[in-house]
Each structure stands twice: as C-alpha cells, then as structure tokens.
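Below is one structure; the comments refer to it alone.
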C-alpha cells in the first residue's frame, strides 16, 4: 500500500538525516571545541615578549534533529576546555532555555544530551549558556559563553488548507480558463530547508470541467459552454502535496463546490401555438378572461417575461398584463361585449424577455408569439336605455297630467322581450310624477313650484315583462322652468331715519328689491310712488336704474312734537312678462340731530322727558333706592342675630339615667338581650350613651292633694312633694327600659349567674347578715334564712 511505502521512506529519511547531522556535529566539535593550548607570541617595543592567551573554548551552534524517538537521549555535542587536564577538577555547568529539562550536561565530560523529543514547529532553537568552574570551590575558570541549539526540521507536517470546504460561483457558458477561485494550503515545516514545505496543487475530482494551477491553486474552467440548465452544481476535490509533489511527500485535500450562475441564454417559449378562451357578454371591463404562459428555463431577472398584444381584431376590446409572481400573461376585458354584434375575437400575443444579455444576442430572438382565440358567450342581459341619462323641462304651475318627457329601453337579447317602466319612489317621495308603464311617458301629478324645488332628480326602472329579475335603471333630471309668479319685495325690512333739520333734496336712505323668480323674470326693478301720492309734500323717490332707489327729503323743518313717524308706500315692478309689482311701506322716523347731522334721539317720549329731568337725575334716584334697600337688609339681619343667645349650650340632660334590670341576663350567646353596639360605639367611651327608654303614651295628672299650700314656707315639704311627684310620674325621664331575654344561652365557660339554682345546691355561705339590713330586706332574709332553720329542725 502507498501509506506503508510513505512510512518506510519517512523512516529512511530520518535515519539519513541523523547520520548526516552526527557527522556535522563531530566535525563541528573537532573544529570548534578543540582545546588550544599554545599561545601566540608578539614582540614589544623594547624587546619584551607579550603573550596573548587564546580563548579556552570556541563554538557557535549545535544541531539536533526533531522528532527523534530513539531509546537513548540524543547527543547534541560536547564541551571541552583546554585547561581541563582530565583530573576531574573542572565542572561544566549548563543554563538557559531548556537547561536541566530538555538539555542535560555531563559535568565531568561536558557531553550535552537532549532528553525529550523536540518539535521544530513548536520551537525552532534554544539559547544556552556554558561555563567551566572549579569543582571544589565553584570558582569560574572561564567566562560564560552562549551558544544556540537549532532543531533541524524533517517533513513531519502535511499541508493544510485554510478551509475544509470552499464555495464558488462562475457564470454559465464562461470561456475556457475563466478563473473560479483560488485555494491556499500551508505547511508547518521549515520552508528554508529542503522541500518539506514546497507545495504542489492538483485536482483529484472535477475533471474534465475544471483544472487547477499547480503552483498558485487557482481553479479555472476547462470546458466551454457549460450549461446551468443541464447541470448547475459541481463538486471538485483539490490536493496540496509537499516535497514538490514527489513521491514520499505529505498531502492534504479540500472540497470546492462550484455553482454555475444563470445568464439569459434561453428565449421564452409557449408550450402551445393556440389558446382557446371564452367570456360572457355580461362581463364588465377589467374582468379576467384567461391566462397564457411562456416558459423560460432561465431564473431571476433573466427569466422575466413581458406580454403584449401585437395584432388581432380584439386589440381594442382586450388587454393583457403580466403577473410577475407567476410569470403569466393575464388577458382582461377592456370594453363591453355584445354577443349579438360579434361572437368571437382573435389576438396575437407576444412574450419577450425583459433583460437581454448582449453577449448572447446571437441566440435570439428572445421572444415568442402565440394566437389567442376568444369566443363571446350569450348572456341574458337586462334592458338597455337608449340614453345613459335623460333631462326634461316642464313649466312651473303646469296643470296635473302635463307630459314631461319619454324614456325608452329595449331588450338587447334576441328574444326582444316587452319592457315595463316604473319610477323609483325613493327618488320621488312627494309623488310629483307618474310614468306610463307601457310607453315610458312621464307626467306631472300636481303643480310644481320652481321657487320650492328647481330640479327634480328621479330614477326610472325598466324590467322585462317575463323576467322580472332583469332590471335597468336610468337617472332622469327634470328642470322646472320659471314663470313670473312672484312680485318683487324689499330686500330687507327697511327703517329710515331723518333729522328734524334735514335740508331739502337730501338723500337719507337707499333701498333695493328681491324677487324669488329667475333672473329672466326679476330685474330690472322699477321703483315708483303710488299715483295718489305722487306729489307727496314730505318725501320724494328717485329710481337709480341699477335695481336700487333713493329716498329724498322734499321739504325742510320736521318736528317730532308734531309728527315723529311717517309711512311712505313704494311700488316695485319687475321685468318679467307679464310684469309683477307690489307695494311696500317704508317706515321713516324723525330724529333729533346735532349740527353735524348725527342722531341724538329718535323717540318723542324721550324728547319730552329730557325737557324736565336729566339723565344724571335718574341715575341719582336709582342709586338712592339701592342704598335704602341695602340698609333695610342689614337691619333685618342684625335684628335676627340679636335674638340668638350669645353663648350656645348643648342641650344636655343632667339628670342621672338609672336603668334597673329585674331579670337575669342571657349567656354569652344571647345576642338579642343586650345591644353590643353600645360597647363598640366610640361615643360611649366619651360618656355619651344612647338611650333606649320608652316614653309612656299617656299623660300623668298629678294628684291635687300632693301639692303644698301656696303660702307654705316649709322647704322640706316642698322637696318631698316634688320627689314624690317625680317617683309617681311615668312620663318623666328616666323612662323604663324593657329588655327581653328570650334565650339563656349555652356553652358558656363562666356558667349561669342565676340564683335560682343556688337554692338546690349545697352552699357554705352565711346569709345571717341579711337580718341586720332592716325591714326592707326581711323577705330576702326569710328566703335564705329558712334553709338554716330547716336544717336545724331536721
């Protein structure tokens, strides 16, 4: 096998290298470590002979081969001083890099050995220092000297590529020799010695498509016209071998994946020569009819295809767009179709590449054509009006039943069904119009007023008699033509003011008119005074012939005391046929003015008041009234405050509230007998205890015999009488407080406090002291004292 052969050659080279360097070391040792005992004699100026002692030892560097695996340490070299007589008194010392660990020296003979296997790739050389000293005193006999031990390289490292796998791209149909990628390998061996690091590249896999330059590692194409559509990806194996590629060299490999990139070298092609499509005549513009697709094996922008219609009788009826996601041509309807007019169309569609590479223009043309035949399918169409919209006119105030106009629709189908008409009542809520269902004549139902609604916009439906679902709709606009039926009036509610000192022919107001009718029956307006007051002594009217009129003063010297208000009738006529007129009244007030003509007052009453009482006097009177009202309010407020006491005491019942309970309390679980909220109320802590006394409902009438004589001066009798009345009066507080204990309770740890059970239990208590409490406790003493008497009797 080749591997065994390479191992044998490697071993042989190592042996040869060891023999070679052993010889070199011996020669070096003989040349440089040989003692020089003789001296060099020189004669001085005065005949004195000078002796220059030569260096005791001389060396430069030693060599040791790497990766030595012998059983004994390898001899690196020998150190010997010329003063060493061999009696063992000289001791050799070695120090520096690796001394004592990698390199050891025999202190007697000076032999240096390497105790470990060395690797040049880890460390190429070591710097050591040698010195000869006296063995007994360690006194240096020679100055220390440095020397270098170089590790000699052998071919023990195979080439290695920078990457295990490479990826590269090259355009398809590239010329032979086109550079694809450069791969680089490195060898850890010494490039300065031998051919251990001299690499040669070769291709192991990938022929005959690619080649590699032996010295540079550049991969190039080897075949012309490689087609991506035939094969897109190639796997190439490149080898790098040292020793210049000769036998026995070490090698390394890497994989290179080469992908052919696409170029536009293929034109689009339709898979068929004719496409058949159909579309309903009821289809609307923009609706899709069908799709065509030309196949282009190129990818990306090289495979983009644009579609267009270049010929055919349906160029005006259809259009085609490109769907770039699916690379299809979408045929769409451009205009409405009519089966009864034309039943089929033919199109010539072209598919062309969007991007064309000039290098491959000779492979063209990069386009293809196909024929598209489209058949129109008959559809049950709704009725069609002859016009898309209708506009009619009718005079206002026309009599009911007046014909406005006529709409007409027909069935476009071959059956030509009868049509019925109707008005969309949502557009004619007031029902001004009606339509004849058979012939489509529109008439008025009631009179129209242009000033109320000038235009009526209605919609008319047309349906087939036998197919009610087929329906058409058309807008109808009806204009109400104006008739001069409105007389002109004042444009505003005019009120004029004239000064008492106005001069004759002085203009004091300009008026204008307004007419609801159309402009043809409105202006120009004519202003005049009625015939009966044409010679009005106070005012005159001037028509300005611009649809306005001016009112002027005819005389001088108006007086508000005599007459402060004048009413002037004015006749306004329009320019319609026939003309309409109206009489409007202008109110004119006489006002007091200053010398500049500025109005001061236009009220006759105010003028009279002004003569007797000034405005300042009125303000003074009002101020006095307000001050009097404020004084009255303050007086009432202070009087109310005096009635209230200066010191407000809280209403308290200072009498004691004694509540007597004559029954036993319940147990701990008796929650109805006592209101626990009293203990929880924080007001109770402050001394406020809510009362639950029950006030009697009847009134107590004191007995007349208890009252003392009116003239009695005995205070003791008076107090006793009052005490007795209070004791016997149930209506006086404190009232009786009734508590009901309906539940004794159970489970109490304290037990019952009732004295009822004490009579049946043995008790050691002595109740004789009750006899000493007086007659009021006699009954209690008899109850508890009888037990002792009974015991004594027994």
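Using N, Cα and C of the backbone, Cβ positions are placed for all residues, glycine too.
In TrEMBL this protein carries:
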- 1-24: signal peptide (SIGNAL)
- 81-161: domain 'Cadherin' (DOMAIN)
- 162-270: domain 'Cadherin' (DOMAIN)
- 271-385: domain 'Cadherin' (DOMAIN)
- 386-490: domain 'Cadherin' (DOMAIN)
- 490-600: domain 'Cadherin' (DOMAIN)
- 617-638: transmembrane segment (TRANSMEM)
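Summed and averaged per residue, pLDDT over the domain 'Cadherin' (386-490) gives 91.
With helix defined as DSSP H, G or I and strand as E or B, the domain 'Cadherin' (81-161) counts 0 helix, 36 strand, 45 coil. Secondary structure of the domain 'Cadherin' (162-270) per DSSP, as helix, strand and coil residue counts: 3 helix, 47 strand, 59 coil.
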